[in-house]
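Below: the structure, in structure tokens.
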Amino acid sequence: MNHHLPSRPARSRQSQGLKGNLRVPGDKSISHRALMFGGLASGETRISGLLEGEDVLRTAEAMRAMGAQIDRRDGTWTIRGVGNGCLLEPEAPLDFGNAGTGSRLTMGLVGTYDMTTRFTGDASLSKRPMGRVLNPLREMGTQVLQAEPGDRLPITLRGPKHATPINYRVPMASAQVKSAVLLAGLNTPGVTTVIEPVMTRDHTEKMLSGFGAAIQIETDKEGARHISIQGQGTLKGQVIAVPGDPSSAAFPLVAALIVPGSDILIENVLMNPTRTGLILTLQEMGADIELLNRRSAGGEDVADLRVRSSALKGVTVPASRAPSMIDEYPILAVAASLAEGETVMLGLEELRVKESDRLSAVAEGLKVNGIDCTEGKDTLTVRGRPEGKGLGGATVTTHLDHRIAMAFLVLGLASERPVSVDDQSMIATSFPEFMDLMTGLGAEIEDRD
């Protein structure tokens, strides 16, 4: 388990033009859901391109513990599901490691079953708030038998004999909360409705519909989305090809923009409009990103991205864009560090409850490496240095956060002095091939003894 491994420092240094073609691992959001819905569906589900990072593998283990048969052969995962309403009570606690998505979605999935389920996680996950998911489940009849103060892990849930459908307005822009309520609705009689004032990533609705769930989506005159699911229906196994994760593609993409003389092609990247906030922002900053071979795969938009080094200019990123790029702010802050002028990022409160307090971790890493930035309650302002002059030379504390580690290793590729991170081991949670893919493009990244 990654949270018991010794730390492994790494260092990156100024690199010459990055060149080559690459594929990033499968999308994390879709991978978690493909395993969950396949494990719940009747019949067989086959998945290719699954992200085989630690977080997703924890979801596979959880579904196995509740009765799904899951096998991997030659890169294809085959699942024989239990059928909707037929999950088995797990004998041991479900250990989700560092996986926020896996743990929160599974709480929704099991919360309306008449059984007891215990959730545990690593030190980082155990600091993250789970009340946002538990509150709607309580309304549906779920009992929280045990939790740490502030509704934190470890948590024990007991589902009701008869769950109650609810209409739930999500209090913050969170695809995980929306998804947890919809998954709880799968095993609840009647119609469960989630109302989201701001649209968040919509993989749950799209994929559940693809598996045969009765889902209706309407937008009211205020622009809020009402997503309704008819409970206790049948899900049928599917064949799924998982596209590349845009949140992982963000790292080589920004590296190519800021390392002079770079020209790379990132193939098969998910371009779902609820996930493309970073690309839109970088294009506003002057990034040369060309979308090639645009196509649809399994109901999702996919494209190849040709990225060439670019002179970037600072912009203001509106709060309304945060849900479509919540995982990309660390790497956007790195791009802003090499841009001319000031970049202002608004509406970042959600970053305070990620794998780390991601907002303060980013600001701290920028400052120790000579970057002029100001951290507000929910804002970050970065004043860039286009040539990377005087930047680097420090070690960044990653706080067990994979995206902090990757973002600052990218910073070092365009800084005057090397940048170190205190630990790279947790990169395996989302992007196990990161080091190999980056060095394959010509990035100077190495283990540091």
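Placed from the backbone N, Cα and C atoms, the Cβ positions cover glycine too.
Under the three-state DSSP scheme, D327 (active site, proton acceptor) falls in the helix class. Taking Cβ-Cβ distances under 8 Å and a sequence separation of 6 or more, the neighbours of D327 (active site, proton acceptor) in its chain are S247, A250, K354, R403. Annotation source Swiss-Prot lists active site, proton acceptor at D327, citing sequence analysis.
Sequence-distant neighbours of S174 (3-phosphoshikimate binding site): residues of the same chain at least 6 apart with a C-beta under 8 Å from its C-beta are R132, T200, E350. If you look up Swiss-Prot, you'll see K28, S29, R33, S174, Q176, D327, K354 marked as 3-phosphoshikimate binding site.
Annotation source Swiss-Prot lists phosphoenolpyruvate binding site at K28, G100, R128, Q176, R358, R403. Secondary structure at Q176 (3-phosphoshikimate binding site), taken from DSSP and collapsed to helix, strand or coil, is helix. Cβ neighbour count for Q176 (3-phosphoshikimate binding site) (all protein chains, 10 Å cutoff from its Cβ): 24.
Taken from Swiss-Prot, the feature region 'Disordered' covers 1-26. Remote same-chain residues near the region 'Disordered' (1-26) are listed as 49-54, 95, 97-98, 122-124, 242-245, 248-249, 252, 255-256, 259-269, 309, 388, 395, 400, 405, 408-426, 428-433, 435, 437, 440-449 (criterion: CB distance under 8 Å, separation of at least six residues from the stretch ends).
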Out of K28, R33, R128, R358, R403, which of these binding-site residues shows the lowest number of other CB atoms within 10 Å of its CB? R128
For S29 (3-phosphoshikimate binding site), what is the tally of other C-beta atoms lying within 10 angstroms of its C-beta? 29
Cβ-Cβ neighbours of K354 (3-phosphoshikimate binding site) (radius 10 Å): 21
Specify the nearest of the binding-site residues S29, R33, Q176 to G100 (phosphoenolpyruvate binding site), where nearness means the distance between Cα atoms. Q176
